Amino acid sequence: MAIDAQKLVVVIVIVVVPLLFKFIIGPKTKPVLDPKRNDFQSFPLVEKTILTHNTSMYKFGLPHADDVLGLPIGQHIVIKANINGKDITRSYTPTSLDGDTKGNFELLVKSYPTGNVSKMIGELKIGDSIQIKGPRGNYHYERNCRSHLGMIAGGTGIAPMYQIMKAIAMDPHDTTKVSLVFGNVHEEDILLKKELEALVAMKPSQFKIVYYLDSPDREDWTGGVGYITKDVIKEHLPAATMDNVQILICGPPAMVASVRRSTVDLGFRRSKPLSKMEDQVFVF
């Protein structure tokens with residue numbers, strides 16, 4: 001009988017206790033997105049914050065409060081909209097990270113009057129849903145994968161840069177340096193400026209940001225003026241000859257084409273039409 005009692009105790013410890021513990025804490029949350037899935041999932045808009053006359057931050061809810069989106073740092077999602085009976089898709093990079101956001105994800109979207117998906121998102125009301133799938137993309141940032149990142153962003157192209165910078169800022173073991181040149185038309189167009197400055201304050205020895213405006217609205221503007229040219233890149237970003245550096249580019253097509261040419265003129269290896277993680281110049 002004593003032996004049977006001992007066996008019963010062992011069974012309780014090995015089998016019953018873990019099951020009870022699992023029941024109490026609930027199942028481990030899994031990422032909502034699955035790269036192996038090719039179907040779209042729906043997520044409701046739960047909050048909208050207007051940033052400028054045509055740009056807002058949209059927060060979409062996940063199924064459960066402890067869910068994470070499941071998006072590797074630097075990758076994007078695909079959003080589908082049905083426009084006049086035709087399915088249209090566009091790619092967007094969330095500004096939120098799995099490491100600091102649960103139960104929702106955030107998108108920075110500039111809505112254009114003649115746009116398709118961006119216009120649809122701009123017209124969403126609280127409770128309306130979007131359809132997304134992912135993650136997608138060839139860039140996946142990992143701690144200290146580069147010694148120095150040079151970033152060139154225009155408009156909402158700041159989204160992937162902000163995401164990567166936030167990941168570096170939150171990681172006490174990440175020593176990657178970041179130099180960002182952020183171009184916009186007017187000062188009011190500078191998106192996430194307070195958030196970016198907060199990241200610089202977290203790691204001032206690693207982060208440097210220079211703002212460029214096409215048309216400054218005040219005479220005492222202390223940032224750069226004009227387009228992001230070869231000379232601007234040479235002055236503010238790491239040189240091609242430096243060890244383990246990479247240039248990241250995201251923004252309007254005309255700006256991207258121009259700065260890509262400039263990087264080649266400055267000695268960087270010519271970027272491929274479809275960028276790869278190992279490229280010296282990567283275009284999102």
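Think of each number as a place in line: the chain as shown, counted from 1.
Keep in mind that glycine also has a Cβ here, set from the backbone N, Cα and C atoms.
Per Swiss-Prot, the features are as follows:
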BINDING   122-137, 148-180  FAD binding site
DOMAIN    38-142  domain 'FAD-binding FR-type'
TRANSMEM  7-27  transmembrane segment
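The Cβ of ALA153 (FAD binding site) lies under 8 Å from the Cβ of MET161, LEU180, VAL181, PHE182, GLY183, ILE249, CYS250, GLY251, each of these being in the same chain and 6 or more residues away along the sequence. When secondary structure is read from DSSP and collapsed to three states, SER129 (FAD binding site) falls in the strand class. Annotation for ALA167 (FAD binding site): spatial neighbours ILE73, LEU97, GLY99, TYR141, ASP174, criterion Cβ-Cβ under 8 Å with sequence separation of six or more. When Cβ atoms from all protein chains are considered, those within 10 Å of PRO160 (FAD binding site) total 27, not counting its own.
The average pLDDT computed for the domain 'FAD-binding FR-type' (38-142) is 93. When the domain 'FAD-binding FR-type' (38-142) is classified with DSSP, helix, strand and coil residues number 6 helix, 47 strand, 52 coil. In the three-state DSSP classification, PRO160 (FAD binding site) falls within a helix.
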